[in-house]
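Structure first, commentary second.
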Amino acid sequence: MQVTAPRTVLLLLSAALALTETWAGSHSMKYFYTAVSRPGRGEPRFISVGYVDDTQFVWFDSDAASPREEPRAPWIEQEGPEYWDRETQISKTNAQTYRESLRNLRGYYNQSEAGSHIIQRMYGCDMGPDGRLLRGYEQYAYDGKDYIALNQDLSSWTAADTAAQITQRKWEAARWAEQLRAYLEGTCVEWLRRYLENGKETLQRADPPKTHVTHHPISDHEATLRCWALGFYPAEITLTWQRDGEDQTQDTELVETRPAGDRTFQKWAAVVVPSGEEQRYTCHVQHEGLPKPLTLRWEPSSQSTIPIVGIVAGLAVLAVVVIGAVVAAVMCRRKSSGGKGGSYSQAASSDSAQGSDVSLTA
């Protein structure tokens, strides 16, 4: 797959993080699949990435010299050879099936063989504080557009167009939603609990944000106040600005949460204020790593470039870390849902973290 520019990577990864953030006390496990055809340059490329909460833990790339499911987090390395053999077999089977699906969907849309096309899948589960399924996901996209998705009732589908309706009919005939529901309510949650226990020092930690407010003059009459939150984990955080105690939500510029490249996250929120009225504005920060919410004001004597330097350094690290490893995964969230097709064959045992995963063809 072609390497994406750093700015694009950041935008795509931000979109993915918006997906992985869940309710307080809950956790998630999601897999992102991407298959890209490349006429004249060999077989389509297939990439699979797994996440627990905001942490990537497995990776598979069909273009590797010896394609294998690979660990991407220290706590997953304790899994035995059977685990890696099983997950590798699932990914290899999916790679072949998604290649067939690309050919079939090209026919559905009456497209020529000359162009490159992409199928993306995101599926997984959110687990609530009680250890049960909170929400399940099964979404597909084709060429960057919604294709088909499992509804929240986990028993019906939403097809984006007439081509996707063909897939929907096949899946309904195969009772695919029932199998998915069993996986989401059972195997997915069970593996998520296991991963959370094995990686609890990393996955269940709560690093509080380092916070600061900076001041940036716009003119003689206005200035921007920017509230920074750096170095926090997990990714879920709330930044709000108030003027004399009243929320300024509509007037706040808020960026998506961004990875810092060191397994922590960054975010900022900004407001434009009249010069001389800066002290009427307060930034409020809520995060599970804080014993109580923070309230900050701009302190003229403490103006510092440290937060800006921290952001720049973090983004530089991020560009190096994720360009090769995350692009394929996060693109799936950006497109939201999409497409493959309908027949299925068992690829591995139900003990697989990816599920009693099936190979789907259009």
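Cβ coordinates are placed from backbone N, Cα and C, and glycine is handled just like the others.
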Disulphide partner cysteine [Swiss-Prot] for Cys227, chosen from Cys125, Cys283: Cys283
Asn110, Cys125, Cys188, Cys227, Cys283 screened against Ser352 (phosphoserine), Cα within 10 Å - retained recorded positions: Cys188
Residue pair Asn110 (N-linked glycosylation site), Cys227 (disulfide bond) - Cα distance, angstrom, rounded: 51
The region 'Alpha-3' (207-298) - residue tally per DSSP class, helix then strand then coil: 6 helix, 52 strand, 34 coil
Whole-number Å value for how far Cys283 (disulfide bond) lies from Cys125 (disulfide bond) (Cα to Cα): 33
